[in-house]
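As structure tokens, the structure follows; a few thoughts come after it.
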């Protein structure tokens with residue numbers, strides 16, 4: 001009985017242990033099921049008690065162009081910039097890209113410059129070599145030309161010296177011939193026949209004429225004396241003619257003066273005659289006027305009456 005009770009107790013313990021394990025497994029399974037298939041956020045009323053509701057909820061304004069940002073909502077004000085961080089990030093990225101691009105361009109420019117410098121140095125070296133070769137050839141040709149020129153000048157100098165010697169000898173001979181011709185010629189001997197022109201003996205050649213002889217000089221002096229006498233005679237005639245013209249002008253002036261005086265006397269006489277005629281006409285006019293006045297008035301005015309008027313007028 002004791003062994004049976006021990007065995008029963010042992011069985012009971014095993015059953016209890018099994019029951020506890022089963023309960024634990026069931027609870028674990030339920031817990032896993034709830035965890036995997038019955039999450040709190042899947043419940044219908046989870047929105048009322050969600051602790052992350054504010055974090056999960058959309059903000060009042062997503063961007064400056066959000067259609068929910070109405071005027072009455074007061075969600076958008078002047079000066080606000082919600083895209084500041086994104087824009088700054090984009091600008092930094094853009095600046096970084098630009099900087100990298102500039103660095104790459106700078107490296108490429110340096111590489112191109114180095115390559116261009118290399119080509120320039122290479123071309124310059126080639127040009128220098130060609131220039132040196134050309135200078136060497138020119139120097140050689142110059143030396144050859146100088147040598148040929150020196151030989152030619154030496155030959156020319158010898159020929160010129162010989163020619164000058166011959167010319168000097170010929171000139172001395174010509175000078176001696178010219179001197180002998182001049183001494184024996186008609187120029188220094190002053191032969192008057194050499195100056196006679198081929199157009200007649202009355203004409204001479206100026207470059208050979210040595211002057212006139214005494215007969216020719218006497219003839220010229222005689223003709224000059226005759227010209228002087230003729231000029232004096234003409235002056236005397238002109239003087240007499242001027243005197244005759246002066247006398248005639250004086251006579252004409254006197255006659256003009258006599259005529260003017262006669263005309264003045266005639267004009268004076270005419271003036272006197274005209275004055276006398278005017279006086280007579282005035283007397284006749286006065287007598288006529290007096291006669292008319294006597295006929296017009298019944299009482300004839302006396303001389304005293306006229307005297308009053310004459311005194312008043314004076």
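Using the three backbone atoms N, Cα and C, a Cβ is placed for every residue, glycine included.
Keep in mind the model is a prediction, meaning the values are calculated, not measured.
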Annotated region 'Disordered' segment (source TrEMBL; candidates 2-34, 35-67): 35-67
Residues in the region 'Disordered' (35-67) grouped by DSSP into helix, strand and remaining coil: 14 helix, 0 strand, 19 coil
